[in-house]
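Participant: Here it is, the structure, as structure tokens.
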Amino acid sequence: MALVGRSWLLLVGFILFYVIYLLFGALIFSTIERPMEDKLRHDMEVLKKEFLNQSCVSAASLENFLLKVLAANKYGVFLIRNASATSNWDLASSMFFANTLVTTVGYGQSTPLSDTGKAFSIFYALLGVPFTMLVLTACVQRLLYPLVLAPVSLLQRSGLEPRPATAVHFVLLLFLVVLCFFVVPAAIFTKLEESWSFLDGVYFCFISLCTIGLGDFVPGMQPEQKYRTLYLGAVMVYLFLGLMMMYLLLRTFHKMSDVHGLTTMLQLPRCEDSDPDEDREPIVDHGESPQRQTEKGASNHLEPGSQVSYNTINRG
């Protein structure tokens, strides 16, 4: 009974901390962004007055024109010179949209114009999102042994205790992920996108790989950009690999938390135990005989410590 009460107390504590965290974020964002918004609004009002003073257009006509322009802009259609030279629905752009849809990144740089397109987007995402998650999970499962289990085992054989070994491995993996999927891509985006700073590139990488996808920075949207099709294809590959590594990083952190007893302390479910042999076998087994399955099970029971995994790491 005491365990159940502690579990509910932890849940209430988590919810309260979450609400406080949201309020803290709201306060910081409001403090930082509201003055910038007020300045931009003032600048736009001044620009509007200057335009009306220099032209014979009425304020009502101008507002009506701007409303239509903004409505078109919502669907990725711009009136700026050369900005609409490339269609948002050619093959490369459509594939990029499909990729952001099924990975749940959803930049929003282009959205379906027709009711048919909106209905198909629902059906397409309904099948595509879980299938994408399945593919990512299958890829991460194959990477667990070479990138997680084997390095931890190597660190332990070098003399480190289990807990320091898992911590050192996680820090090294985090460093590699940040370097290969945030710093280096940000530098590349800075070279390819003329208006992006290095901070903009890092911001885009983080927003994309966390599947937040605000849409304020979208690659390949410059008018008359060279090799645009190849560029968008490379970005799609980057998104897939980056999401895969983020998922692997989360799995590694969860496993490290198990070893350090953090999940037990917070009464959270443990990360599912993984067998290295299973990580190198197909998820769907075609044609393995019952006799082979029996032999495999017997072998696992006879040799419980024959393979290195997080299961064999002592948390003491």
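Our numbering is plain: 1 for the first residue shown, then up by one each step along the chain.
Using the three backbone atoms N, Cα and C, a Cβ is placed for every residue, glycine included.
Checked TrEMBL, it gives:
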COMPBIAS  281-295  compositional bias 'Basic and acidic residues'
COMPBIAS  306-316  compositional bias 'Polar residues'
CARBOHYD  Asn82  N-linked glycosylation site
TRANSMEM  6-30  transmembrane segment
TRANSMEM  122-145  transmembrane segment
TRANSMEM  165-189  transmembrane segment
TRANSMEM  201-218  transmembrane segment
TRANSMEM  230-250  transmembrane segment
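Can you tell me where each of these features sits in the structure?
Facilitator: Residues 100, 103-109, 181-183, 185-190, 193, 239, 242-243, 246 of the same chain, all 6+ positions outside the transmembrane segment (201-218), place their C-beta atoms under 8 angstroms from a C-beta of that stretch.
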Participant: Any chance you could find the range in 6-30, 122-145, 230-250 with the most Cβ pairs under 8 Å to the transmembrane segment (165-189)?
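Facilitator: Going through each listed stretch, the top one turns out to be 230-250.
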Participant: For the transmembrane segment (230-250), give me same-chain residues lying six or more residues beyond its boundaries with a C-beta closer than 8 angstroms to one of its C-beta atoms, as numbers and ranges.
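Facilitator: For the transmembrane segment (230-250), the far contacts come to 92-93, 95-96, 99-100, 103, 105, 136-137, 139-140, 143-144, 147-148, 173-174, 177, 180-181, 185, 192, 205, 208-211, 219-220.
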